[in-house]
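Feature list (source: TrEMBL):
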type	residues	note
DOMAIN	6-134	domain '1-deoxy-D-xylulose 5-phosphate reductoisomerase N-terminal'
BINDING	12, 13, 14, 15, 39, 126, 128, 212	NADPH binding site
BINDING	127, 153, 154, 183, 206, 219, 224, 225, 228	1-deoxy-D-xylulose 5-phosphate binding site
DOMAIN	148-236	domain '1-deoxy-D-xylulose 5-phosphate reductoisomerase C-terminal'
BINDING	152, 154, 228	Mn(2+) binding site
DOMAIN	268-384	domain 'DXP reductoisomerase C-terminal'
Ligand code: NDP
Ligand code: MG
């Protein structure tokens, strides 16, 4: 077995921490070659001391100076790279085998694409990158021969349930539809009128998963499931109509695949991201992830409900953006990023998040995502419209 050299983009985040936890269990298999962080430089310095990467990437020179200061006296000093160029350089570095793409939001698109274009084994947590650039991303995977493995627990489950991932198209695999499970988030049972008063801390207190704040808010609005619907369409060549969202509060079934012969395959496990991370790191082998064995007797029952799109309009907005295609998913994603940021900053109510996004979607002409420039132009326009909406209200 050869040693895999890893680059972890977004090492200071929640997925970064889970990745490094799994990696630390298998020093004979994995070596940390490069790490990136953004604002949490103390955490990045701790990780550099512990994992001794050859490179560390930070946003700018001031952060590089700060990190260098924090690492003074360390046994091994990484070379510190800055900016988007630094992220792209570590993602595409010739000595890197595997890239964990775990930056949150649109900021992850260029470095993740750099890893794809360099033909790496890419472990994709940064769903926003794929949602934004869809066809361009998948074309780049095919052109470079990169290996794309989903980290999102639902997509990792679907990947595991698809008998033959190499056969193109759902129909040729004999798949009728994909059942994408959702916990329902912290407000699954909250009446519509109480959603108006929801605070950022309440939204971030997810009942089943401990995650970064942006994805926690997305889970609470169900936009996360909407982004995942779009993600599933690209990863598995599905149409939006072939993906059905199922609320499953226990979060034990991570998704299911329904075959034409009536077989339905599911992947189960305790809700812990180390399972999909370990799966993708070792695929097609299996390694210990540190996750405790599933105890079905303790769980007792598994429940399922239809999502309530009246209380959670983000799911509908995402489906409509998926159906419109082109740059619409990039517009949706950018509007959502601005809305979530404003909500977390206390400048926007919870129920205003879908209102802002819908207004932005209505304000743009759907154009083709011909190239990355078109995608970023759509992203820019959406952010501008979203900020204008915020200023007007
Ligand atoms: P976190 O907020 O915990 O971590 C985000 C990471 O990205 C941090 O390392 C952060 O650095 C870095 N980062 C933030 N902004 C920028 C930027 N502008 N440029 C470069 N780096 C930046 O998020 P999560 O780990 O929860 O999520 C990461 C991705 O994985 C998201 O796309 C999310 O949707 C996806 N995902 C997460 C799951 C989870 O369970 N957490 C499950 C499924 C998918 P710093 O902290 O130093 O500022
Ligand atoms: Mg998920």
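Note: Cβ is positioned from N, Cα and C throughout, glycine not excepted.
Remember, it's a predicted structure, so these values are computed and weren't measured experimentally.
Inclusion criterion for the binding-site residues 152, 154, 206, 228: a C-alpha placed within 10 angstroms of the C-alpha of residue 128 (NADPH binding site); this criterion is met by 228.
Note on the domain '1-deoxy-D-xylulose 5-phosphate reductoisomerase C-terminal' (148-236): its mean pLDDT in the predicted model is 94. Residue counts of the domain 'DXP reductoisomerase C-terminal' (268-384) by helix, strand and coil are 65 helix, 2 strand, 50 coil (DSSP-based). Taking the centre of the Cβ atoms of 152, 154, 228 as the Mn(2+) site, the nearby residues of that chain (Cβ within 8 Å, site residues left out) are 127, 150, 153, 155, 156, 180, 224, 225, 231, 232, 255. It is 23 Å from the Cα atom of residue 206 (1-deoxy-D-xylulose 5-phosphate binding site) to that of residue 39 (NADPH binding site).
Note: residue 14 (NADPH binding site) has non-local neighbours 210, 211, 212, 273, i.e. same-chain residues 6+ apart with C-beta under 8 A of its own C-beta.
Residues from the binding-site residues list (15, 39, 126, 128, 152, 212) with a C-beta closer than 6 Å to any atom of ligand 2: 152.
The subset of binding-site residues (12, 13, 126, 152) lying with their Cα within 10 Å of the Cα of residue 228 (1-deoxy-D-xylulose 5-phosphate binding site) consists of 152, given in sequence order. Selection of the binding-site residues 126, 154, 206, 224, 228 by a Cβ distance under 6 Å from ligand 1 yields, in sequence order, 126. Within the set of binding-site residues (39, 127), the lowest number of other Cβ atoms found within 10 Å of a Cβ is recorded at 39. Counted within 10 Å of its Cβ, the other Cβ atoms near residue 206 (1-deoxy-D-xylulose 5-phosphate binding site) come to 19, all protein chains included. Note on proximity: among 127, 152, 154, 224, the binding-site residues of the record, the Cα nearest residue 15 (NADPH binding site) is that of 152.
Not a single one of the binding-site residues 12, 13, 39 has a C-alpha within 10 angstroms of the C-alpha of residue 152 (Mn(2+) binding site).
Secondary structure of the domain '1-deoxy-D-xylulose 5-phosphate reductoisomerase C-terminal' (148-236) per DSSP (helix as H, G, I; strand as E, B; remaining residues coil): 44 helix, 11 strand, 34 coil.
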